[in-house]
Amino acid sequence: MIILAIDTSCDETSAAVTKGQMVIANVVYSQVLVHQKWGGVVPSLAKRGHEERIDWVIDSTLKKAKITKKDLDYVAVTYGPGLAIALEVGINKAKEIASEFDKKLIAVNHMEGHLYSSFVQNSRGNPKRDWQFPYLGLLVSGGHTELVLFSSHVEYQILGETRDDAAGESLDKAARMLGFGYPGGPVIEKLAKEAQNVDQYHFPRPMVKINNLEFSFSGLKTSFLYYLQKLSDQEKIKNLRFLASSYQEAVFDTLVYKTNQAIKKTGVKRMLMGGGVAVNARLRQKVRALVRTSGGSIYFPPFSYLNFDNAAMIGVAAYYRAKIGLIVQSADEFDRVPRLSLLQSTKN
Ligand code: KG4
Ligand code: ZN
């Protein structure tokens, strides 16, 4: 089953050719340099960037995979969540290819793709893993923070998500307050490491006293801002590393606390992680420690399927949809507004 997958949900234009769980080719064109000077992703620039690059990205992927559009069995595309005007570029391209070459379309939820990044294999079918559902997924990216109960292929339930800022977004905003550009997560990680991840300032751990699996990071961002406003420029510079480190600890402790609650609530101890923040060594260390104390296990996908939004994970998710006939019946019914019903998912 050969799939051409496309993702244009945010600031990466990506196309992949997959065969089952195997990635034959995956091309990602990142717009990070375009958005860097604005301190975050600018939707209109993202749309234009996707329009300029999409054909090149698809053609390069097919060339790398040594196939043509005629050889495809399916065309898969991310339909949401993401920036509507950016998603549209990928969706329109997928529809165009599907109709010109008479291929079936598969619509994939972007977060489902992030869950499936753990299942991606290389073109030789490695790593080979024995998957034993259910899994608890912690998805942490620039746009989303979700705890997901992944009960079997294509079946999952969102246990909790953020009410406002995502974990990555909250790191990006803190970095900006400290005078750094986008993306801020890697900068915060580096500064925190230099401070040996010390929690000097004890910023709040939001929502931990509330008995649910929801997150909220905007209050933490505000306390950070108020704290910074009290410091002189000199004090800020002097304490930069400890400020970054304490902020990062607050975000990650909250993620770990809620993940622990989710383990207790569901009894599921096998974990998967996805999204750009999951490359962070400090977060991994904390999640590993949690998994160890709860007697569970965790698998981290390779950096190439975490660090950037990529179509490889979308192609693998699409494979499991295609296997059970979850294809788009008519291009007109294609809905780019995320509909959980289409995903057989429920939110409790
Ligand atoms: O998954 P992703 O590429 O995009 C979305 O789907 O949103 O994640 C991007 C996010 C950004 O907020 C970025 O700051 C964060 O991932 N990120 C990190 C690190 N590298 C990227 N956060 C913490 N530590 C990192 N090393
Ligand atoms: Zn993403």
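Positions of Cβ are set from backbone N, Cα and C atoms, glycine also.
Marked as domain 'Gcp-like' by TrEMBL: 23-315. Averaged across the domain 'Gcp-like' (23-315), the predicted model reaches a pLDDT of 95.
Look at TrEMBL and you will find His110, His114, Asp309 tagged as Fe cation binding site. In the three-state DSSP scheme, His110 (Fe cation binding site) is classed as helix.
Per TrEMBL, substrate binding site is recorded for Leu139, Val140, Ser141, Gly142, Gly143, Asp172, Gly185, Glu189, Asn280. DSSP gives Leu139 (substrate binding site) a strand state. Listed in sequence order, the residues of the same chain lying 6 or more apart from Leu139 (substrate binding site) and placing their CB within less than 8 Å of its CB are Met111, His114, Leu115, Thr145, Glu146, Leu147, Val148, Met273, Gly274, Gly275.
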Worksheet item: Considering only the binding-site residues His114, Gly143, Gly185, Asn280, Asp309, which possess a Cβ situated under 6 angstroms from at least one atom of ligand 1?
Response: Gly143, Gly185, Asn280, Asp309
Worksheet item: Near the Fe cation site, what residues other than His110, His114, Asp309 in the same chain have a C-beta no further than 8 Å from the centroid of the listed C-beta atoms?
Response: Asp7, Ser9, Cys10, Thr78, Gly82, Met111, Gly113, Ser141, Gly274, Gly275, Asn310, Met313, Ile314
Fill in: Pairwise CA distance, Gly143 (substrate binding site) versus His110 (Fe cation binding site), rounded so that it is a whole Å
11
Worksheet item: For Gly185 (substrate binding site), which residues in the same chain are close in space, meaning a Cβ under 8 Å from its Cβ, but six or more apart along the sequence?
Response: Gly142, Gly168, Leu171, Asp172, Ala175, Gly276, Val277, Asn280
